[in-house]
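Per TrEMBL, these features apply:
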- B:Thr190: active site, nucleophile (ACT_SITE)
- B:Arg218, B:Val219, B:Gly220, B:Asp221, B:Thr241, B:Gly242, B:His243, B:Gly244: substrate binding site (BINDING)
Amino acid sequence: MLPVVVVHGGAGHIPKDRAEASTIGVKEAASTGYALLQRGGSAMDAVVEAVALMETNPRFNAGLGSVLNVKGEVEMDALVMDGTTLGSGAVSAVRRIANPVRLARLVMEKTNHLCLTAEGASKFARSMGVPEVPEESLITDYAKMRWKKNLEPDANPNGNIACATSTGGMLNKMEGRVGDTPCVGCGGYADNKVGAVSPTGKTPEEASDLALRYMKERVEGLGGVVVVNPNGTWAARFSSLQMSWAAAQQSQLHFGLFHVVALPNCGKDHLPQGQ
Amino acid sequence: MWQEAEKLFVVNKAASSSHENKLMKTVIVVHGGAWDVPDAAAEATVAGVKNAAQVGDTVLRSGGSAIDAVERAVRCLEDDPTFDAGHGSVLNAAGEVELDSLIMDGKNLAAGAVASVRNIANPVSLARAVMEKTDHVMLTDRGAGMFADSISTPLAHDLVTELELEEWEHSNSYRDGVKRFFNTNRGHDTVGAVALDSFGNVACATSTGGIRNKMVGRVGDSPIIGSGGYADNGSGAVSCTGHGESILKVTLARLILFHMEQGKCALEATNMSLQHMFDRVKGCGGAVVLSSTGEWAASFTTPRMAWATVTEDTLHHGFNQREHFTEKL
């Protein structure tokens, strides 16, 4: 069983001039998360830090760089889930918070609930001393051109699994629109006991492809997933044109953008030593 | 449209029972919440679910859709102050009513949900409007309120009942809060329904005021697809009730249907899933379940859950564990 951190920066169409920055961003997030694991951090620590990095990175549709709703505002959703206990925390349609994934983690750790929405989420943030940031500080010039999601499941040496997801949602969405991201079982799920001995016997890759094909055929929806099982077997699969992703395992950093592996934006790097 | 109906007819013929006119038998199953219902509320609770099931059945028998039937049945329960949905909902930590609801159509997996809405008498109808009038599946809080306003949904300012206000004040003075309800059998008074119509379509609907003294903005399982409910013509329909946080952690509705897809009957799938929820996260609850061929189940791990089913001119109902009464209609 090998520890692994897998991240993605969104499935969809990534314009050429943004591709490099997106690939660098996911590689950085995966490396950071993995380094945390190597230093003895938990799976939850690793996913939260990796996603928080992508929220701070203006290149991704999460936190700073989120797409705007129909009113030009930023409303964000985030989810964390712990595969050991099935503990989970989520926020939906939250405004003026720099790192929704951290707030989602606080929901999990400091309340008896799993999800807080909108005004209630802001009220909770204030009670936790999480600072409110100006709306403008989350809006980039490029905000209207993007739609991405960040998702990161990973496994640490103890075989514990966690996932985290964060998004600004859909461009021009209605106010108060909530997507899949903060919904347990849709935007993410983590269970230490699933996948190691699967009742249907599918590998992460097979399961992902089957599920994506079903979504395409049944409701004409495209998307992508990153998946890991408790053994450390991982997959990054997508039915959309592109998905930037990176996986850190042992001393290797795998990454990709297109379906065909042999393009310049894909490949393997060696992770820096001593990190 | 005619061609589509014909195709359904051919498929359903194999699955349906004995009716000469070859339409599917219709089924509606309704619940009024899985929890430790106090004796004082027993009679009204049982009467409420029986009434709602018959209202839904009237829609189905006159050729109405499963979606219409579940919406009508749940509206009855929202309007009835006995239940924790719409009128009669429990109050949050700030003494206000915040409502969640989900509706889903098994034909095309269309769904609509609202979370944390205020001053709406029938959240299930607002959820249906989200499904039918927007490109989205879920709206929350202020945005949901603005949408309601945009379709001229009247505001309701009388959702707080005296009984609930008293209960809220009582629980505040003893600092009960949500901790007391966590994983216990209290206050899980969500309502819901599943239906199979004569065209072979299934649908589900769930509606709730949530847990007494919940944090402002707390969203439970009820409006979350796959947890509070799910409907898919390919496998069946489910509406869940119980400890919301536990239901979410195991995605209870989807879990039940998964077991049915693997070959288990509705009752076994429901019981296995409820057992898993108890074993894994110590949560209790219940569900009403329908398969795509009209097999149905109502099961719960709390002391009580009022449920009622109408199918083939018979009303089935129960309240305590192992109860199953039948009445010819």
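Quick reminder: no glycine exception, Cβ is built from N, Cα and C everywhere.
Where the annotation comes from TrEMBL, it is an automatic prediction and has not been curated.
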Candidates from B:Thr190, B:Arg218, B:Val219, B:Gly242, B:His243 close to chain A, where recorded positions are judged by Cβ under 8 Å: B:Arg218, B:Val219
Among B:Arg218, B:Val219, B:Gly220, B:Asp221, B:Thr241, B:Gly242, B:His243, B:Gly244, the record's substrate binders - longest CA distance, Å: 16
Per-residue Cβ crowding (10 Å cut-off), top of recorded positions B:Thr190, B:Thr241: B:Thr190
Distant-in-sequence Cβ neighbours of B:Asp221 (substrate binding site), under 8 Å, six or more positions away: B:Ser227, B:Gly228, B:Cys240, B:Gly244, B:Glu245, B:Ile247, B:Leu248, B:Leu252
Distance from B:Thr190 (active site, nucleophile) back to B:Thr241 (substrate binding site), taken between C-alpha atoms, in Å: 6
Assigned conformation of B:Gly242 (substrate binding site) - DSSP reduced to three states: strand
Rounded Cα-Cα span from B:Val219 (substrate binding site) to B:Thr190 (active site, nucleophile), Å: 13
List of residues, in chain order, with Cβ under 8 A from that of B:Gly220 (substrate binding site) and at least 6 apart: B:Asp100, B:Thr208, B:Gly210, B:Ile211, B:Lys214, B:Gly228, B:Gly244, B:Glu245, B:Ile247, B:Leu248
